[in-house]
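What follows is one structure encoded as structure tokens, with my remarks underneath.
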Amino acid sequence: MRACVPLTVAILCGLAWAGKRESCASRCNERFDRDAVCQCDRRCPQHGDCCEDYEQLCTAEENPKEPELFLELEEETEGAPASSLYLAPNSCQGRCLEAFDKHHSCHCNARCPEFGNCCEDFESLCGHEGFSHSSDAITKEELQSVSEKIYRADTNKARKEDIVLNSQNCISPSETRDQVDRCPEPLFTYVNEKLFSKPTYSAFLNLLNNYQRATGRGEHFTAQELAEQDTFLREIMKTAVMKELYGFLHQQNRYSSEQEFVSDLKNMWFGLYSRSKEERDSSGFEHVFSGEVKKGKVTGFHNWIRFYMQEKEGLVDYYSHIYDGPWDSYPDVLAMQFNWDGYYKEVGSAFIGSSPEFEFALYSLCFIARPGKVCQLSLGGHPLAIQTYTWNKSTYGNGKKYIATAYVVSSTH
């Protein structure tokens, strides 16, 4: 499949037409706007309420080589971009060689020994072959290599004949805010539902009815629903995709055992946190794979299986798309507009035809290797970028961060 407009054009037009309330276009360093969905002032990273394009638009001078990306124009998360999976102010875990930050009580940069303000574990973590040592960093080339291996390992993905997609009307990025249904037919003409009898698909589907989409309403799991989370993790860990991912992360000194890895996946993906007031109303899994509604708009919802099932029930109305990826087989990528039972999604990117474990693996890989950053991968010889965000308002374990969101932002450099 091919992009209906050049991706660079889509980027520029998307940024130019991004609504004042949803983008930092022409808003960088403005004062706090209480009426805006997201913020672009200098303190928004501290408060976790930046617009998604804040880092690309407002920190360009600090990151001059940051690639232009196909950006979603909606508020996805209150988690600000972060350089580390950890929020442990008294530790160097995940912080080795970071830039000096006057707000930290101790430091992990190269000059902290000179000034005598290193964290106590600086020497053990940053001076040797520790978890965060610079020589232990995962390179772009390594990410591209392992993502190709994961791509080849996805034997549970849909075959060409398993899905008939009717993408119909392709619009320009300037039209995404119009909320006009330009596609009279459903997106999915046919899906071979035998796919859903496979263990990982079946376990994945069992999770989707465990959530209520409105933020502000607390999530409370039954014993059965908690068991379904364990079943899903157990089933995907049997696949070549997840074995490839774990083997890579183990080799990179991220995890010492599969048990540690699975435990961390459960926390980062299924751990609950609050996107609204005090209620624990959200998780990375719910946001990314099931979808949520906040302030009258769809957020998250980046999964084709969820989309198909909701469309089949008449709850999703496909409106249009602005991007169709270059892959001529599955998985592919589609960036689309749709209405979810009364609520609009302005730009939602999703893999199409991938197995649950494939998406889970790539998003996890990028969150672990490039938390809060753009993650450059390669699939079938085509470049692909994934953006993740960390949840910064609460943590688990020793200051580790939850997943706020993860989604495809580009399939070109």
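Just so you know, the numbers here start at 1 and follow the chain as drawn.
Keep in mind that glycine also has a Cβ here, set from the backbone N, Cα and C atoms.
Small disclaimer: the values here were computed from a predicted structure and weren't measured.
According to Swiss-Prot, the feature active site maps to His287 (among others), an assignment based on sequence analysis.
The Cβ of His302 (active site) lies under 8 Å from the Cβ of Val288, Phe289, Gly291, Gly348, Ser349, Ala350, Phe351, Ala406, Tyr407, Val408, each on the same chain and at least six residues away in sequence. Taken from Swiss-Prot, the feature active site applies to His302 (among others).
Among the features that Swiss-Prot reports, active site is placed at Lys345 (among others). According to its DSSP assignment, Lys345 (active site) is in a strand.
Classification of Cys58 (disulfide bond) by DSSP places it within a helix. Around the Cβ of Cys58 (disulfide bond), the same chain contributes Cys24, Cys28, Asn29, Cys40, each under 8 angstroms and 6 or more positions distant in sequence. Swiss-Prot lists Cys28-Cys58 (among others) with the feature disulfide bond, giving sequence analysis as the kind of evidence.
The disulfide bond annotation in Swiss-Prot covers Cys38-Cys51 (among others) and rests on sequence analysis.
Under DSSP, Cys38 (disulfide bond) is assigned to coil, being neither helix nor strand in the three-state scheme. For Cys38-Cys40 (among others), the entry in Swiss-Prot reads disulfide bond.
Sequence annotations record features per position, and here Swiss-Prot assigns disulfide bond to Cys44-Cys50 (among others). The Cβ neighbour count for Cys50 (disulfide bond), using a 10 Å radius over every protein chain in view, is 26.
Take the CB of Cys51 (disulfide bond) and look out to 10 A: across all protein chains shown you find 28 other CB atoms. When secondary structure is read from DSSP and collapsed to three states, Cys51 (disulfide bond) falls in the coil class. Residues annotated as disulfide bond in Swiss-Prot: Cys51-Cys58 (among others).
Summarising the annotation, Swiss-Prot assigns disulfide bond to Cys92-Cys108 (among others). Reduced to three states, the DSSP call for Cys108 (disulfide bond) is coil.
Sequence annotations record features per position, and here Swiss-Prot assigns disulfide bond to Cys92-Cys96 (among others).
A coil conformation is recorded for Cys96 (disulfide bond) in the three-state DSSP classification, outside any helix or strand. For Cys96 (disulfide bond), the number of other Cβ atoms no farther than 10 Å from its own Cβ, over all displayed protein chains, is 22. Under the heading disulfide bond, Swiss-Prot lists Cys96-Cys126 (among others).
Packing around Cys106 (disulfide bond) is summarised by its Cβ count: 16 other Cβ atoms lie within 10 angstroms of its Cβ, all protein chains included. Residues or ranges marked as disulfide bond by Swiss-Prot: Cys106-Cys108 (among others).
Residues or ranges marked as disulfide bond in Swiss-Prot (evidence: sequence analysis): Cys106-Cys119 (among others).
What Swiss-Prot records for Cys112-Cys118 (among others) is disulfide bond. Here the Cβ of Cys112 (disulfide bond) has 17 other Cβ atoms within 10 Å, regardless of which shown protein chain they belong to.
Taking a C-beta cut-off of under 8 Å and a sequence gap of six or more, Cys119 (disulfide bond) has these contacts in its own chain: Asn90, Ser91, Cys92, Arg95, Cys106, His107, Cys108, Cys112. The disulfide bond annotation in Swiss-Prot covers Cys119-Cys126 (among others).
Summarising the annotation, Swiss-Prot assigns domain 'SMB 1' to 20-63.
Across the domain 'EndoU' (139-412), the model assigns an average pLDDT of 94.
For Lys345 (active site), the Cβ neighbour count at a 10 Å cut-off comes to 25, with all displayed protein chains included. Of all the recorded positions in the record (Cys38, Cys51, Cys118, His287), the one with the smallest CA separation from Cys96 (disulfide bond) is Cys118. Taking the C-alpha positions, the distance from Cys50 (disulfide bond) to Lys345 (active site) comes to 19 Å. On a Cα basis, Cys44 (disulfide bond) lies 27 Å away from Cys118 (disulfide bond).
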